[in-house]
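See structure below.
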Amino acid sequence: MNAAVRPVSADTAIADISLAAWGRKEILIAETEMPGLMATREEFAAAQPLKGARIAGSLHMTIQTAVLIETLKALGAEVRWASCNIFSTQDHAAAAIAETGTPVFAIKGESLADYWDYTHRIFEFGAAGTEGEGPNMILDDGGDATMLLHLGMRAEKDLSVLDNPASEEEKIAFAAIRAKLAQDPTWYTRKSAHIIGVTEETTTGVHRLNEMSAKGTLKFRAINVNDSVTKSKFDNLYGCRESLVDGIKRATDVMIAGKVAVVAGYGDVGKGCAQALRALSAQVWVTEIDPINALQAAMEGYKVVTMEWAADKADIFVTTTGNRDIIRHEHMVAMKNEAIVCNIGHFDNEIDVASIEQYQWEEIKPQVDHITFPDGKKIILLAKGRLVNLGCATGHPSFVMSASFANQTIAQIELFTKPDAYEVGKVYVLPKILDEKVARLHLKKVGAMLTELTDGQAAYIGVSKQGPYKPETYRY
């Protein structure tokens, strides 16, 4: 365990409980910017729809997540929580939640060994062998919690599945699973036994769920929260539009205007990042594999290039794809002196950080590193290739996270209260009427007035006056 840890109880791992008062003040401010979550509390508090839910949460332990946790608890749930990224925790947020008695396992800058230990600990509900052992719900971001249980169950039957880790992180994760099985050979099966389902926050985690579902190996019901319109078209786009440059600026104090910035990927995240950089008068180039997205970027006025072409010309590089090996060793070797390299995709494999570990590293400040190449050229790597907006800043603004987390809360209620409506092993999205509900909850805060259809108008286009207003195939 990190030497800096001063836990409030044996069932908690945080940096410093004395930060709780600061965290509580920021939580109160965030609540005023999170109308969706607060309205959900008000609507469901009396009914307690999550009473009896034991939620294992793996999601960035930020101030905004603290509001989510307290919403889940207000609706009756019991919660255990860890961060889904070693750099994304806000220690004062973790302290504020720990002070309320919720088990929290999250420290900014925790080691990978601690990360996997903490992820194991979110499943430790109840006494062994009882009906209350383990969680009955998972709230995941990136899929690590879900993956851990599935891989652990496979390893119970065949340890050889842990024989060939593909990365340093997998090596540490696999070692943690081996150690757990040496202590308790049926731990993963027991912790999974009562799980009704999982709600997944982000693109990368949804990809993992879809892969398992297609192979027939997904053991739980799942709701894909990421593809709710009020998540992907808001958090991914508008959230990244504000938090990317916040991270770059806090880390480097660089002037964006006049720089050439490359955004790898032009999905919702890439679109938001490109808009932000252009708004600060950078010259923005985009790399893409998909001709539709590439054409979208070109029609918005961005120059569409390849990373090979751009590597020696640009000043700032941002990966947004959710894929691996986007910026490789040969790209970094070609870069200008003092080029800034960062990632805003969920995992750290978009930039081949392992390939430059052989060179000289100098930490400028936490999550900001100078890497010196053999020819003396230096690049600036942010957050060691992990999420720059959470590693070097504090993530998305509260308002946009209110929409994402209202979706999470509604998805948890859906799965927990209506399990028979969802088939084990399949991945679902929330009904459009609930997506529209989340949007409605946020309109007043931004001063928006919604026009109401007349009976004749509703009949003419064949929709209910209460919605949903668009077919499932509609792309916003």
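Note: Cβ is positioned from N, Cα and C throughout, glycine not excepted.
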Candidate sharing the substrate site with Thr62, Glu201, Lys231, Asp235 (per Swiss-Prot), from Asp141, Asp144, Asp290, Asp312: Asp141
Those binding-site residues listed as Lys231, His346, and which of them has the most Cβ atoms within 10 Å of its own Cβ: Lys231
Under 8 Å by Cβ from Val269 (NAD(+) binding site), counting only residues of that chain that are 6 or more apart: Thr203, Asn236, Leu237, Cys240, Thr320, Ile344, Gly345
Distance check against Asp141 (substrate binding site) for the binding-site residues Thr202, Thr204, Gly265, Gly267, Glu288, His346, keeping those with Cα within 10 Å: Thr202, Thr204, His346
Coarse DSSP state, helix versus strand versus coil, of Asp235 (substrate binding site): helix
Largest separation between Cα atoms (Å) of residues that the record links to substrate, namely Thr62, Asp141, Glu201, Lys231, Asp235: 17
